[in-house]
Protein chains: 4
Amino acid sequence: DGSKLDYGGILDRLNAGEVVVGDGGYVMQLERRGYVKAGHWTPEAAVEHPEAVRQLHREFLRAGANVIQTFTFYCSEDKLEISGNVSNISGAQINEAACDLAREVANEGDALVAGCVSKTPCYVKSHSETKVKAIFKKQMDDFLKKDIDFFIVEFVDHVEEAEWAVEVLKTSSKPVGATLCISPQGDMHGVPPGECAVRLVRAGADIVGINCHLDPLTCIRTVKLMKAGLENAGLKAHLMIQPLGFHTPECNLGGYTSLPEYPFAMETRAMTRWDVHQYAREAYDAGIRYIGGCCGFEPYHIRAIAEEVSAERGFLPPASEKHGLWGAALGMHTKPWVRARAHREYWENLLPASGRPKCPSMATAADDYEK
Amino acid sequence: DGSKLDYGGILDRLNAGEVVVGDGGYVMQLERRGYVKAGHWTPEAAVEHPEAVRQLHREFLRAGANVIQTFTFYCSEDKLEISGNVSNISGAQINEAACDLAREVANEGDALVAGCVSKTPCYVKSHSETKVKAIFKKQMDDFLKKDIDFFIVEFVDHVEEAEWAVEVLKTSSKPVGATLCISPQGDMHGVPPGECAVRLVRAGADIVGINCHLDPLTCIRTVKLMKAGLENAGLKAHLMIQPLGFHTPECNLGGYTSLPEYPFAMETRAMTRWDVHQYAREAYDAGIRYIGGCCGFEPYHIRAIAEEVSAERGFLPPASEKHGLWGAALGMHTKPWVRARAHREYWENLLPASGRPKCPSMATAADDYEK
Amino acid sequence: DGSKLDYGGILDRLNAGEVVVGDGGYVMQLERRGYVKAGHWTPEAAVEHPEAVRQLHREFLRAGANVIQTFTFYCSEDKLEISGNVSNISGAQINEAACDLAREVANEGDALVAGCVSKTPCYVKSHSETKVKAIFKKQMDDFLKKDIDFFIVEFVDHVEEAEWAVEVLKTSSKPVGATLCISPQGDMHGVPPGECAVRLVRAGADIVGINCHLDPLTCIRTVKLMKAGLENAGLKAHLMIQPLGFHTPECNLGGYTSLPEYPFAMETRAMTRWDVHQYAREAYDAGIRYIGGCCGFEPYHIRAIAEEVSAERGFLPPASEKHGLWGAALGMHTKPWVRARAHREYWENLLPASGRPKCPSMATAADDYEK
Amino acid sequence: DGSKLDYGGILDRLNAGEVVVGDGGYVMQLERRGYVKAGHWTPEAAVEHPEAVRQLHREFLRAGANVIQTFTFYCSEDKLEISGNVSNISGAQINEAACDLAREVANEGDALVAGCVSKTPCYVKSHSETKVKAIFKKQMDDFLKKDIDFFIVEFVDHVEEAEWAVEVLKTSSKPVGATLCISPQGDMHGVPPGECAVRLVRAGADIVGINCHLDPLTCIRTVKLMKAGLENAGLKAHLMIQPLGFHTPECNLGGYTSLPEYPFAMETRAMTRWDVHQYAREAYDAGIRYIGGCCGFEPYHIRAIAEEVSAERGFLPPASEKHGLWGAALGMHTKPWVRARAHREYWENLLPASGRPKCPSMATAADDYEK
């Protein structure tokens, strides 16, 4: 399973106890770079501006990612149509172009390609297993025309829809990872994380976990609940996590969309690289071995994961050539007070100020969703 | 003066009353992308990873920049040597590669290329006009082998050094802009901004202003002092501004380097696009017509400048295809409370929360420098 | 039961559905006024400076309190001895003087006198029911020499000790209220609030609830758990609440003592009168009918309770002669922008700034206690 | 000059180099205690509830105050009439009762009595020297029926009105102190602090300085400007300061009335006793020898002044019997992490959290006044 004979497929790696570093967030970063439209969040840039997508893939690879995810978020036919953002480009074109880009960059290093599907509008609208599965099948068929190593189902908030996706993708005989965007309170119908994990594994998922919607420490709590659920059920699966790169301590079910700052004023909430060190360590200690990021994770955040687990992996990522560990390269700064910051204790203990004395530290999340 | 016959050179444009949109910050953004080493901040990526530099140039162009600055920060021979970060690549190689990259991308749109020089270690060390001018001359000669439109002297905190640079660069007969990284309190020797401006213009600068070190509203105050100084002296020059994309209300002389968060925890201080709208308007209202950014200005910040002055310029930048003005594209978001944010009043009035209740809003800046 | 024939005793009032307004905090307020020593927190001022105690009693009475608690906190013989703060004055002297002061002031208005006992060092040290009950018996006997209406057991964090206190005090045939200083997580041995309430009522308590240690909204949550416990057990009792007048959102088991600000920098956390309006309404809506305050509740906070429930009670307290409801008296202020604040909407919606931009909004509570 | 033969009058003390500790704020504290109506801020409690005024006087005396100010704020006939808060009690009655209360308490310790006058509505309304002086004369005559030691003119924001007051009061041959409630920017007509000081001394003031409206560190800056003005003019006078006990870093001309929190949500801004230590030291170091407080200074804040200057004065105030210096008495607290706070370093370095993560740290002050 998996085309990378030299290094092994995703399950070989995880079975061998390796730490797999995931890549970061595409849509929000490419929005800032000028290639994705917020609100729509569709991935037409894979066709329109392949150089931009390729470059971001490369930066994640260089930062240490072992997996390059196809840039196919929200790229089901029904979502593209509703979004109304893309004309003259079909979903199949995007899916195929995205596979090519991911493969091209993955082959530049030690990385696998994951074909990614996300939640469909059809699920909430029709609640029809037949229709939803047909949509996932169509997107899978696009991927299977190309060379991908495994699948990831991500950003699904109803476990039932994720089960359907897993069932479809498993017909390919490739490994499947499934990450829900839910809180410790469970999915949108109140199914608790532990039960979600059990249902996903029973549907065929090889790897389960959480992505997006909430900050790293909250997502770790949710994955721990999933892990406990699997243990209680006597099941085994690999665990993965790709949380937000933003601090969202006041969020519950709705995740970051219920924050007033979403999506155009999230800057203040961005994690520092040192926050990511803490996250990577806590994820590792929780037994999670596929550790990446979602919205808000830029290349330097992925590098911080790779640097934090460099002892476990035995090597640093390429981009660490341009990074002094724990700020070490500041030792040659011209200003003495900056040179004094060239060590771990400084950055681990810093509480960063926002420079915004008229702003609060926590927001009131949207009431209608935070029940 | 300037090779862009169709559109005119920088002075033609400014003389015609156009608003010139500058590009954003390179070194901090490329650090995050994995190509620049913090502490050193040298631009060897122009040779090592041209695709990364090219892509960032393109994003700024696409965001609306009329000027592509060569990625030649700290690229004087003496600085490269002290930094010790680069081996087997000469300063001339970097300068020339950077010119080629800037020209390649500028020609993809309506942009000019500015060859950039910054402060030299030699100035503080030797205080020798001969030596410092020789360094600037060498870097200028590298540029003149290539096709550049004008020069920018930037990130200089002693007006005397900037005068020397201007005097050298003016021997090329190309237009010269000069921006100091000083506060309203004046340069490192206490020369007030008004006097700095007068001296720079008398040295030959066609455009004067401020870049880096402090937040936009502070830099506008400093440029206003420069403008007043010129008026008092009966001099005329165009004004330019390329401030930090970070909030630094507690900083004085030392600028952001005296903040505890510099350079690895600046996330919380990042400006939102809406902060940039306010900045661009205030800069415009202050009579500044060359409006760009420095460290912290990502492509979407430059787009926000271009969008704010789109009525004055008569057009939107290419990247606005992927941006609803004032958040308009949120009107198609799936969640009703996010759709409710698709208008200007919402974003103009938002006070973003940091999600960090254990962090203060202002820091104590480094004492030894804030006197 | 109770000596106030005209108005009825505490149970007559509560049985009749009246809202009983409690008094506020004595030890922290008298510390600020110069009569109590922080750390010791003993009530020798009842003997040393009766005028100061009398005046604070009067202010609470005037603010609307229906109960004047004897100033006898930590006035068990064993606590006084350990504290080492008082010499030449016996516990009996203090207890008796405190009863006289409370009675004198209560008789100036419509108030009852509650004799108060609090936790004893003996409980943790000896865990001897015989010894602890002897201590409570001694203090009760002091009170019974004087004219008090009922007893309150307060500031006890082990339900067992509170049960023993109730059992002793019930031998007097006077009504007994019992308030624990515990969090929603339960008492120091992990007994949940609902079970605590059941045990206290079974021990003989007529009124049960919570006082001190945590902020009002947290204490309401705990009382709700007590109420649910009683209902599940088929028991009935009146509910009372006397929380901190400070915001302590980050506190758990240890209460405010685990905050770095305790006890000498609690100013920033003080509740406004408008916070108290919200508290009083939520307490009332939760079915609590004895509503007062503990540390941090100054006379104007008690007035705010009385004003919030004035419709239910049918009258305003005497001190409202000197208070425009919801800021109404600002209508005659000399400055127009202050006059504009003379209404409820203004104060209900205000988010007060601290004027301390270098301080965080939340603290890291003492680790060793917050498990 | 002054009736206290044993200790000497106010000028004897200041001439001898003593540090004179002032008392704290009356109207805001008595509002919280239930005796003063916010908005009106008139002192009828001196007649209606003398026990409450007497008790607060006592607490300030006990905290170390050397001066007891008569509780006669806003007690000019024209202000009482406009306020409309008082009926059946004349200004003369209040003034005389207030003098008796102040004298009674001052005689319990080592304190002088200062008869206090404040700004009159008549000044702004009529701008008539004759009318305004007649009002001050009437109030002075009330005081002269009683035994007072000297006069204080306070809370005046036009230096001209303060001059008139001083000229009237100097006809009594008693010493006169004059404090303006102005910012470093000067009085309401833009007269700079240095010039204000010169004019007050030329009018006859023996002591000049600042009270109310702004926080301690700002008021110290203003007094320093006054001192410099006097030195430049070759004049000499004693300096006094009685600032707010609140943090108001964002305030300018309008003082705290322009804050959204004024007057009913000022809790978050209250100074800690440790803030007061810093203030007292900086005031002392600036050469100010009459150091007290205004609104927001409670008895424990005055005690903190007295404790900070105890080495200079040679003694501690009576209330320090109930206060361990720098928190020393916490050494006997039952909880080990509280015992760990029993030292100066802890409290000097603490940045207190507000427990209000949804509140900003700075407010936007009323626009119309902050120009």
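Glycine is no exception: its Cβ is also placed from the backbone N, Cα and C atoms.
In TrEMBL, annotation is done automatically, which means it is predicted and not curated.
Remember, predicted model here, so these are calculated numbers, not experimental data.
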What does TrEMBL list, out of C:CYS196, C:CYS212, C:CYS219, C:CYS359, as binding the same Zn(2+) as C:CYS294, C:CYS295? C:CYS212
Position of peak Cβ density within 10 Å, selected from the binding-site residues C:CYS294, C:CYS295: C:CYS294
What is the average pLDDT across the domain 'Hcy-binding' (C:8-309)? 97
Which residues, sitting 6 or more apart from C:CYS212 (Zn(2+) binding site) on the same chain, put a CB under 8 Å from its CB? C:GLU154, C:PHE155, C:THR179, C:CYS181, C:GLN242, C:PRO243, C:LEU244, C:GLY255, C:CYS294, C:CYS295
For the recorded Zn(2+) site formed by C:CYS212, C:CYS294, C:CYS295, name the remaining residues of the chain with Cβ within 8 Å of the site's Cβ center, in chain order. C:GLY25, C:MET28, C:PHE155, C:CYS181, C:ASN211, C:HIS213, C:GLN242, C:PRO243, C:LEU244, C:GLY245, C:GLY293, C:GLY296, C:PHE297
